[in-house]
Amino acid sequence: MSKVIQKKNHWTGRVHECTVKRGPQGELGVTVLGGAEHGEFPYVGAVAAAEAAGLPGGGEGPKLAEGELLLEVQGVRVSGLPRYDVLGVIDSCKEAVTFKAVRQGGRLNKDLRHFLNQRFQKGSPDHELQQTIRDNLYRHAVPCTTRSPREGEVPGVDYSFLTVKEFLDLEQSGTLLEVGTYEGNYYGTPKPPSQPVSGKVITTDALHSLQSGSKQSTPKRTKSYNDMQNAGIVHTENEEEEDVPEMNSSFTADSGDQDEPTLQEATLPPVNSSALAAPITDPSQKFPQYLPLSAEDNLGPLPENWEMAYTENGEVYFIDHNAKTTSWLDPRCLNKQQKPLEECEDDEGVHTEELDSELELPAGWEKIEDPVYGVYYVDHINRKTQYENPVLEAKRKRQLEQQQQQQQHQQQPQQPQPPQPEEWTEDHASVVPPVAPSHPPSNPEPAREAPLQGKPFFTRNPSELEGKFIHTKLRKSSRGFGFTVVGGDEPDEFLQIKSLVLDGPAALDGKMETGDVIVSVNDTCVLGHTHAQVVKIFQSIPIGASVDLELCRGYPLPFDPDDPNTSLVTSVAILDKEPIIVNGQETYDSPASHSSKTGKVSNMKDARPSSPADVASNSSHGYPNDTVSLASSIATQPELITVHIVKGPMGFGFTIADSPGGGGQRVKQIVDSPRCRGLKEGDLIVEVNKRNVQALTHNQVVDMLIECPKGSEVTLLVQRGGLPVPKKSPKSQPLERKDSQNSSQHSVSSLRSLHTASPSHSAQVLPEYPPADVPAPDQTDSSGQKKPDPFKIWAQSRSMYEDRPMSPSPASGLSKGERDREINSTNFGECQIPDYQEQDIFLWRKETGFGFRILGGNEPGEPIYIGHIVPLGAADTDGRLRSGDELICVDGTPVIGKSHQLVVQLMQQAAKQGHVNLTVRRKVVFTVPKAENEVPSPASSHHSSNQPASLTEEKRTPQGSQNSLNTVSSGSGSTSGIGSGGGGGSGVVSAVLQPYDVEIRRGENEGFGFVIVSSVSRPEAGTTFAGNACVAMPHKIGRIIEGSPADRCGKLKVGDRILAVNGCSITNKSHSDIVNLIKEAGNTVTLRIIPGDESSNATLLTNAEKIATITTTHAPSQQGTQETRTTTKPKPDSQFEFKGPQATQEQDFYTVELERGAKGFGFSLRGGREYNMDLYVLRLAEDGPAERCGKMRIGDEILEINGETTKNMKHSRAIELIKNGGRRVRLFLRRGDGSVPEYGGSNYENIPSFPGMTP
């Protein structure tokens, strides 16, 4: 709400003063009720009409009304005082009593807890009233906390020091008026005693400190408590959100007793009910009240046993104590017959006298009059913001529809009946979406179509379930189980699987599907359990432990959790994310709110509302309704969702197109929404009927779907979230329409305008970077200048604006042929999409540092990248920074082409200041095929639109790959501790040797199978003569994997020098660039080879050289396909063999079993997936079990821990396996050379750079 409207409707405008004289017998005729001991403001009870006349200045004035809140009595501020103190103040007045009172409203009512749990700008009347309440409460009550006493603190005076259990019991009993967490400790303000202690009330002398405007105050509380109170203050528009510590102003007493000092901003607190959690939605959706105050005041009382509550951000939500549920939506609006938008009258100039309400806007809409940006409208229920009056917009659309219907009706008799279209043809554009099929699906499971009416089936008896029962066992990783749950918000509602998290335990297990009903957890039946109860069960399971789940398949979700027109559903992500603390409760981030906090898909961006055209006109955009998070999320992790669709007479009801970034087919348009329930535009199709289709061409996928008989059911596994799909320039749209008839898109989206998009698509999130500067027709002023985004104005005015994660927009719709035509056209420069997008990121430093690592900058001109993001660190909490981002500036200082050391120094300076402003750029994953004779660029992405992208590739940092053996950083300075090694290949290639091309083709699930060795520590002697120029060739074949495509082709030998990859010269390229070139080549790579000098082969694998196996497996599914290890033995060349001692080769691999000693197992580790390296033995403790066994040595690579492979294993997982293995640990190792690889970056955390562990 803008400041102007807030000022008009603010409660301070309703405050009035009234003087009441006593009667002849001293009676006042005014009854005072409430009081802080009841958790209420003092308020007026019964009033004698004759005595209630206000007499300011001797004349008649306003009267006291029953129910009005008393703010002052005889100049004494009484808010927060118990009733007996208020009566004491009144009794001290002999003849007349002056009251300052205010009528109750939506924000200020008699509930003290409600008012204290709101957040206000410091210095505002609301904030001052909160401080008055607290000051008065402290006169009788001592705040309580769970932290230990500090020096000089007196128990019972400064604080009542309680255990966590005692505190939670106290909160659950309703004794605490205000509760919160600060720095990992609970704080609370209890109610005053119901009776004054020893019969004492506030003395007359003490009243002076309560006089309005008095400079005196109550005894000061300690700093930590004041900090806790101040942390709830809403900042002004110009203040940074990080200016004050984060704080939870309320929490749920039964929501866990996790003792974790790290705090995240809370979403919604419960009010006066410890058993209820507030409705949970994507935390990026921080909106003010869903109804304006004016609407709340005119809707009448709430239904029985309903309660209105407020979050710490002032957001309204509602508690149904009958069903023990919470909701964003006002039940008064749900029960009220809402007037259709088009039937409302224009609200321009229509206002009520008192509250300036817009009478003709439907419930849930709010009109904002901003003095700078003008008028705009907020739909709080469907969460959208627009400039256009929604009533006028609805009338205009209805009029347009009527005109179109009339035109169609006039043309219908003159046109022959069109033939029945094929499911993938353009004829769909004129076909009315068919209704849901009436025929049953082909499988014996219960029908998957949603019930047309009535309450969905529910039972608490598992034997009454009719679907297919599935049993699965999942191990909880450090990031959870990897699935999200919806439901359980109504008394009789199933808890069902909403989606799986990519690469999470549930997705890797492969048994769970969207819609599966959770029947039991560890043999405990949970049918009928609430959402919060089941979440608590999952959260109580320790990391590393397993859970047995019984699921029932056959009951579809009774609602679409992504549909903005349905009620928001409380959901908690039991997913593969780091746990965070919200309201004292361990929970996990949402996959939808966090396109991937860990940066697994490194090209995801936080999304912000774009232009008003995106907000208002394009209804395919809106706010994310993936209600799957309890705390601030940072990016959206890809979800795997199962959708069942029955093929109807007109087909499946959706169209597909090539994914612009490669990786398969995306859903381009939903033609038949009822039939495609659960499917969304932009979804990437991973499997069709359990068959992976990411490697198939567009036509192959279309043929597969066409072959399905009508009436049969197809099961689609789709990936939602992940790589963003850039928008096309408007200049390219005519080209798309022109060529759409001959394209392979099979899409009709070109025939849809911005204003006719289906409302069901509005759950997609607005992109952060707006498209080209083209405003929508109805979003421009008379001068043609684009208006600012109304949502941004509104959200900033509420001091709640923050970034939103980006969901994928629908596929851009360009087929391969169209993209080729676009590129070769003269308009290419106008429609070209930039390769990079830049972003400024401001970070506050935490106690543990900025929480990210810096990589690169070791060679002149080498880019500097963001490496590992520390979970729960400053960068992770902020959420915008991603692993792989290229660093452009640090606090305004450009660092492009600068050294690693300079960036380290800049970061150290920033650490002293406590904050840093980073400018980063992120590559847009959208590439177009090169012209036929054009040389590919090493920075290009996949060259084939049909090439499936391996998501494991996205985990690597740009300067090296996951496949690197030792180090991925360039320069000899990064190889310290590895050894200098012997001389490189020194043979000179004769001038008579001619280069030749070798083409290697690989299968779907295999790598190319060769190793490139790049000499970086000294100049190479191998040369060739090209154009009389002597060119060094530092890159050569180091290994060939037996049985691999490189081995089968028979044209490569160890020692061969590589001149070019896919026609691109690599003589001056870094090792990582070559690795990326080959990875991006798809299934075929062409190498230009000069036969090598075999005399140099014996020194190819020295430690000073960088080695990387080019065996990237472009797996269509990320579940179970791993990259080939670099430890594979090379196939001995026909003229060369390794001649190492036989005894050494026998000991290359060995197993040890260690028994835990008094100080652990006596060794420490280095490496892990998060550091882009394998696991190595870093140190051996003197006289420890590892040293005493006599086999283990520093530098040995750990291949298995307790039988579990370490391939792609995280460092934390390795420690977890060792710690949870009991008294013994069994290790399978490969003998190293005594050196341990260094990490490839600098660490900006105040934790050990190399998290070695001596378990």
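Cβ coordinates come from backbone N, Cα and C, glycine included.
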TODO: May I ask you to name which of SER214, SER740, SER980 Swiss-Prot has annotated as phosphoserine?
DONE: SER740
Open item on the list: Just to be sure I understand, if DSSP states are collapsed into helix, strand and coil, how many residues of the domain 'PDZ 2' (471-553) fall in each?
Closed with: 15 helix, 34 strand, 34 coil
Task: Considering the domain 'PDZ 6' (1151-1233), which listed stretch of 17-105, 471-553, 642-720, 840-922 counts the most C-beta pairs under 8 Å - done: 471-553
Task: Most Cβ neighbours inside 10 Å, all chains, among the recorded positions GLN104, ASN109, SER1070 - done: SER1070
TODO: Could you state the whole-number distance in Å separating the C-alpha atoms of GLY106 (ATP binding site) and SER1070 (phosphoserine)?
DONE: 64
Open item on the list: Suppose the ATP site is ARG103, GLN104, GLY105, GLY106, ARG107, LEU108, ASN109, LYS110. Which further residues of the same chain have a Cβ inside 8 angstroms of that site's Cβ centroid?
Closed with: TRP11, LEU69, VAL102
Open item on the list: Quick check: in three-state DSSP terms, what is ASN109 (ATP binding site)?
Closed with: coil
- [ ] Do me a favour and check the Cα-Cα span between GLN104 (ATP binding site) and SER1070 (phosphoserine); whole Å is fine.
- [x] 71
- [ ] Compute the C-alpha separation of LEU108 (ATP binding site) from SER1070 (phosphoserine), stating it in Å without decimals.
- [x] 65
TODO: Rank the binding-site residues ARG103, ARG107, LYS110 by the number of other Cβ atoms within 10 Å of each Cβ, and give the residue at the low end.
DONE: ARG103
Task: Among GLY105, GLY106 [binding-site residues], residue with fewest other Cβ within 10 Å - done: GLY105
Open item on the list: Over the span of the domain 'WW 1' (300-333), how high is the average pLDDT in this prediction?
Closed with: 75
Task: Per-state residue totals over the domain 'PDZ 4' (840-922) - DSSP helix, strand, coil - done: 19 helix, 35 strand, 29 coil
Open item on the list: Between C-alpha atoms, which of these binding-site residues comes nearest to SER1070 (phosphoserine): ARG103, GLY105, ARG107, ASN109, LYS110?
Closed with: ARG107
